[in-house]
């Protein structure tokens, strides 16, 4: 037996929260236990003898024990119970319970909408007694209000449960109402009981029991933000893949002719020695010209598949004293070097494949002779 408060802005599901509890307790049909179970299900038996509520346009005709809440009549009955309580100095619950049964206030569920209209007098001695003593009468009380500040503090501090209905704009699922439970009416973040919240399904049969603004359809900002986030992620993913693909293709060395955007004569490189060949073109004087593509510390001789470390190429050039050298810069991370020698300095790179071919021909010749 407990007192529960539910608050929230109009249309957030405050009344639905209470009516859903009524539906589950009094009206929900028993679930079938199995497909092949043909035994007739017995009607659900409620633990309450009566329901008192003032919810707007509630379907009281559905049950004989659904009673419209009348403030004047209810206060009159509470005063009678309080007189019985004082006559026994609170020592005889049996007499009090007997009187509560006579007044149809024993073992009941009480749901008050706009509860601040009923609990606005902080000096009411009978109301204070009732809220502190309701457990002895086996009463559960659900109080609905738009703002806790409208209810006197003394009536709030003795409650056990405090719920806040989340507006439709902040709900993730459009087919469920969401509520947060707090341990205090102040609704501080430190008082939050469960950060995931409580989700109650939206059922047409519950809405059919009353009339409320809870059915107002409003778009969820949360779902909109999630959709926008997904679209942004897809766009960024495609842009990232496009960027990476272009960078990889741009940096990949190719054997085909490369467009040279800028040529720079290097005279201060540690192993490039420029020479004056103005008397005649170097290609007519020297036969051994080599072109290297170097990227990220590795160099490839044009027309070959193998890559050599830059340090090896550098040491060979230094030891061989080229008669002409030039660096051609065409990419951010790639350098192209042209070397001219009097001797076949780098022909050994070409003879690797030739050596395999000569070895194969030698093997075939020997096989034929045999």
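Using N, Cα and C of the backbone, Cβ positions are placed for all residues, glycine too.
What TrEMBL says about a protein is an automatic prediction, not a curated fact.
Among the ranges 185-204, 205-224, 225-244, the one that TrEMBL lists as transmembrane segment is 225-244. Averaged across the domain 'Zona occludens toxin N-terminal' (2-212), pLDDT in this predicted model comes to 89.
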